[in-house]
Amino acid sequence: MTILSPKDVVIVDGVRSAMGKTKNGMFRHVRADSMSAELVRALVERNDFDPRDVEDIIWGCVNQTLEQGLNIGRNIGLLAGIPKTAGGQTVNRLCGSSMQALHTAAAQIMTGQGDVFIIGGVEHMGHVGMMHGIDLNPEASKHYAKASNMMGLTAEMLGRMNNITREEQDAFGLESHRRAWAATTEGRFDNEIIGIEGHDAAGRLQLCTVDEVIRPDATMEQMQKLRPAFDPVSGTVTAATSSALSDGASAMLIMSAQKAKELGLKPRARIRSMAVAGCDAAIMGYGPVPATQKALKRAGMSIEDMQTIELNEAFAAQGLSVLKALNLTDKQDIVNINGGAIALGHPLGCSGARITVTLLNAMEQSDTEIGLATMCIGLGQGISTIIERV
């Protein structure tokens, strides 16, 4: 049994929305901040703690404009009814934003700068497009290839470098959908998804509790017919082997072990180590490899010690390349066991906390003790978190 020290950072709870399609999806009439506020309220309702104890609300969001602008982290706290005494901030590490929110809160707890944090992330890619308002510096091309801004082309590069075939990618994508739909029908997402009101295709109000991007009817024959999405001449990456544009939010309740004990709350896991790392922007999908190597070293562990793993799965070529580099190709039965972003969607600022919440639930369902959540990040970064159930 793990003995916790007072300043250990523990995860008390974690929730998420279902993931909606960006194009005419179920959240097309729901704002990003409203969706997030629903999750914050759910954490307060599910756990017996005084929200006046919250030090800060830390929210990950990539495109911080329109409804996601003006410090959405603070707006979410106010919308959710969290006392005004709690702070609110918004962080941006592109796809790793909400995992960075977790790391920021953890570092503050470790250094005595607060005991209770609500962290999370959101991206409504239907309302705020990924490139909305972006004005890149022309001089950037002196330092990295312009194609590095095109995520699909970076996946093509990784696939070529690691000899990942089209057939392997199609099989990987199909398996993601199969696992995600099995997890859905077997109720394995029930503990993490908070129902949020949205609209069906006809515009009728509905409670959204099922990830909309999953294709339960996907077949290998369908996938093989698709043309390359990013390199029409010699490419292997298709829409079916890329994570879908989607809308969603995620949230976690983080405390010091001492505070959780004082409140009589049972922690579900503690954070063992955290890391970020950079890599060449042209192969940004490789980022989880150096980030994970750092996190493992800080935890005094090896990749063989990881019993359950969540990898963001931006593209099949990217995921397979990372698995190859981390010597996990033959251990895919412990990676994304409930499906990954190819099936579930990848709302940018939401994804880091989402995969950590999904990891925790998967560990509880599989009765494993040590887990790794890791992600690639645009322009060449990776971020990793190792957690241990307590």
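Keep in mind that glycine also has a Cβ here, set from the backbone N, Cα and C atoms.
Over in Swiss-Prot, the protein carries these features:
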ACT_SITE  CYS95  active site, acyl-thioester intermediate
ACT_SITE  HIS346  active site, proton acceptor
ACT_SITE  CYS376  active site, proton acceptor
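Annotated features, which come from Swiss-Prot, shown on the structure.
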residue : record                                   : Cβ within 10 Å
CYS95   : active site, acyl-thioester intermediate : 31
HIS346  : active site, proton acceptor             : 28
CYS376  : active site, proton acceptor             : 33
Calculate the distance in Å between the alpha carbons (Cα) of CYS376 (active site, proton acceptor) and CYS95 (active site, acyl-thioester intermediate), and round it to a whole number.
7
Kindly assign CYS95 (active site, acyl-thioester intermediate) to one of the three DSSP-derived states: helix, strand or coil.
strand
Spatial separation of HIS346 (active site, proton acceptor) from the residue listed as 'active site, acyl-thioester intermediate' - C-alpha basis, Å:
8
